[in-house]
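Peer 1: Would you mind keeping the following structure in view while I ask a few things?
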Amino acid sequence: MAALRAAKQALRREIKSRVAAVSDQEKLRQSRVVSQKLFRHPKYLSSQRVAVFLNMHDEVATEDILQDIFRRGKTCFIPRYFTKSSHMDMLRLKDMEDMETLPLTAWNIRQPGDDDKHREEALDTGGLDLILMPGLGFDKSGNRLGRGKGFYDTYLERCRTHPKGKPYTIALAFKEQICAEIPVGEHDIVIDEVLHEDE
């Protein structure tokens, strides 16, 4: 277990430095390529209830995706992370204006405040069709390296017990985040697909 943790930490450091070397302009260019791939994806087109992360600086930009979700009349959910635990909820976002009203977290991303009790949580209602996932690193087999908090692994376990079952999962990545192999443990959930620019 300690060896797995150490391997993950070393890989996190390596990927972070690779992504840090990518210019903002290049990150934006790759984000657009990934977004266009998503907009043509049959699973995205057929999904009505979609969860998407609001990106940090070292993640694929998701603003175009949010706008597309609303333009197509899909129902959008975004994460609210509880930083003192591995608990996360997926809460309803009504539109882009709604997003602008959300407070900023210490990670400089917007999310509903802890006192925001009126938003629909995806699993309390109709579940989710698709989760668009962030992460630090991915391999071609769908193994994912997160930031070590376990938010998404824990949430996907909750999804499994929902009547709708586990949603389809698509990770959005820069090509610098793709690794030959991600070290994984028994609690790490494999994702269905990783979208990134082709080499």
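Counting starts with 1 at the first residue shown.
For all residues, glycine too, the Cβ spot is worked out from N, Cα and C.
OK, TrEMBL features for this one:
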- Lys8, Gln9, Ala10, Leu11, Arg12, Arg144, Leu145, Gly146, Arg147, Gly148, Lys149, Gly150, Phe151, Tyr152: ATP binding site (BINDING)
- Leu54, Glu59: substrate binding site (BINDING)
Peer 1: What whole-number Å value do you get for the CA-CA distance of Lys8 (ATP binding site) and Leu54 (substrate binding site)?
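Peer 2: Leu54 (substrate binding site) has its Cα 24 Å from the Cα of Lys8 (ATP binding site).
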Peer 1: Within 10 angstroms of the C-beta of Glu59 (substrate binding site), what count of other C-beta atoms is obtained when all protein chains are considered?
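Peer 2: Total other Cβ atoms inside 10 Å, all chains included: 20.
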Peer 1: In this structure, which of the binding-site residues Lys8, Arg147 has the fewest other Cβ atoms within 10 Å of its Cβ?
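Peer 2: Arg147, out of the binding-site residues Lys8, Arg147, has the fewest neighbouring Cβ atoms within 10 Å.
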Peer 1: List the Cα distance (Å, whole number) between Glu59 (substrate binding site) and Leu145 (ATP binding site).
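Peer 2: Glu59 (substrate binding site) and Leu145 (ATP binding site) have their Cα atoms 13 Å apart.
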Peer 1: Here are the binding-site residues: Ala10, Leu145. Which has the lowest count of other Cβ atoms within 10 Å?
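Peer 2: Across Ala10, Leu145, these binding-site residues, the one with fewest Cβ atoms within 10 Å is Ala10.
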Peer 1: Consider each pair of residues in Lys8, Gln9, Ala10, Leu11, Arg12, Arg144, Leu145, Gly146, Arg147, Gly148, Lys149, Gly150, Phe151, Tyr152, all listed by the record as binding ATP, and report the largest Cα separation in Å as a whole number.
Peer 2: 21
Peer 1: Would you count the other C-beta atoms found within 10 angstroms of the C-beta of Leu54 (substrate binding site) for me?
Peer 2: 20
Peer 1: If you skip the near sequence neighbours and keep only those at least six away, which residues in the chain come within under 8 angstroms of Lys149 (ATP binding site), Cβ to Cβ?
Peer 2: Tyr81, Thr83, Ser86
Peer 1: With an 8 Å cut-off on Cβ-Cβ distance and a minimum sequence separation of at least 6, pull the same-chain contacts of Arg12 (ATP binding site), or say none.
Peer 2: Leu136, Gly137, Leu145, Arg147, Gly148
Peer 1: Rounded to the nearest angstrom, how far is the Cα of Leu54 (substrate binding site) from the Cα of Phe151 (ATP binding site)?
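Peer 2: Cα-Cα distance, Phe151 (ATP binding site) to Leu54 (substrate binding site): 14 Å.
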